[in-house]
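Student: Got a structure here, written out as structure tokens. Questions coming.
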């Protein structure tokens, strides 16, 4: 793979992921939108790890698209704004559903 190609793949994937994430933000309220983006992204990444063999696809979808679609920094800020009880619940639900979704992606992809 040429030296510039990985950068182009990540940039193009990142652009698409950011646009998709913006669409989720328009469709769902703050915390719900972040949760949906992170859970869906976890599932797709788990699936991707199971079925993808090419570096190009991993760079475009994994490093590019899914990295910009999922949003840890938004999750962190929203969680701190929720207050202690709701914030703790948000962390627990997000991590639980994220791990379940990633595991489901691996299973659907045939890795487990």
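Heads up, the Cβ atoms here are built off N, Cα and C, so glycines get one too.
Taken from TrEMBL, the feature transmembrane segment covers 7-25, 31-52, 59-77, 89-109.
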Student: Who are the long-range neighbours of the transmembrane segment (89-109) in its own chain, taking Cβ under 8 Å and residues 6 or more past its ends?
Tutor: 31, 34-35, 38-40, 42-51, 75, 78-79, 82
Student: For the transmembrane segment (59-77), give me same-chain residues lying six or more residues beyond its boundaries with a C-beta closer than 8 angstroms to one of its C-beta atoms, as numbers and ranges.
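Tutor: For the transmembrane segment (59-77), the sequence-distant neighbours (Cβ-Cβ under 8 Å, at least 6 residues beyond its ends) are 6, 9-18, 20-21, 34, 37-38, 40-42, 44-45, 48-49, 52, 90, 94.
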